[in-house]
Amino acid sequence: MSELLPPPPPPPPRRDSGFGDPALVFPEFAAKQCGLEKVIEEEGEGEDSSYGKGSFDLSSRFSSPSISRNRFDDVENPKKALSFKRPPSASRLSGFREEEEADRSRKSGSFVDHIGQEDKRICASGCFRKCCAYTCMFVSVVLIIVLLVGLSANSSIKSILPQVLVTNLKFSRLDISKSSTDLLMNANLNTVLQLSNNNDKTVLYYSPMKADISSENINLGKKTLSGFKQDPGNVTSLKILTRLRKSKVYDVDATLLTNKEKTLEAVVDVFLRGKLSVDWLGFKVHIPIVIACESVKQSDVINGLKPACDVRIFSE
């Protein structure tokens, strides 16, 4: 009979390098592991203790420099350690795609709206420029028409104005008297103006006019003349008699006037202001006029030269 061989000795216990159960390597963790199992069972029975009443942090109590609670959780519940977020379902993907398409459509719509607004702005600016151009053209045409009408009216009115000449200028009296303090002058002046209507068909209507006569800065008197009518081709003489009594004058002006009058070299200014009315295109037009006979020399009138006067319209 063969002898029975003794059973082989059991293999010596292999020390774990830290990847197995820590309780086998570190005995002091055995008690802590039991405590952790109890705590995990208590937590599994109720709701989440991390947010419930009386919750506490086990990692602060059962922590070590090498092994944390998370590693124990990985060992006890490997499914939990390997848990990850579930991928989005097909419905969620379709919703995401719909949102992306909606965003794209919004962006494309906003781009189209922006282009439309730009087109509207360009159109509005173009219309505004066209309106400004047409308005400027219309205003320019109106101004040109008004200017042409004014020029034609001015030329036609000037053509119907009368011709005015000075036919007589004579002092019947001119003397100076002295008072205790002032120098006084007395003067009588006879002035005759000749008005000729050289129009063939136009009738002239003269309103009452005011005459002012002066010489050497001395006012020789004022006179108001009655209005009258003048037919075409008519010649009318206006006699203007002015008187000056005891008017205060300066010594220099009075001496100069008296000396020139003695030698018939006095220079006189005659102004008549009033209105002239004419029939123009079926309407009676009233035109303000000024008949200005300036710097008329007495010697020229006496010698029969008949100095011409200036007839001004729309003037004072």
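Cβ atoms are placed via backbone N, Cα and C, with glycine included.
TrEMBL annotations: computationally assigned, not manually curated.
Here's what TrEMBL has on this protein:
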COMPBIAS  1-12  compositional bias 'Pro residues'
REGION    1-22  region 'Disordered'
REGION    37-101  region 'Disordered'
COMPBIAS  55-69  compositional bias 'Low complexity'
COMPBIAS  70-79  compositional bias 'Basic and acidic residues'
TRANSMEM  131-153  transmembrane segment
DOMAIN    194-289  domain 'Late embryogenesis abundant protein LEA-2 subgroup'
Helix, strand and coil totals (DSSP H, G, I; E, B; other) for the domain 'Late embryogenesis abundant protein LEA-2 subgroup' (194-289): 12 helix, 59 strand, 25 coil
Within the predicted model, mean pLDDT of the domain 'Late embryogenesis abundant protein LEA-2 subgroup' (194-289): 91
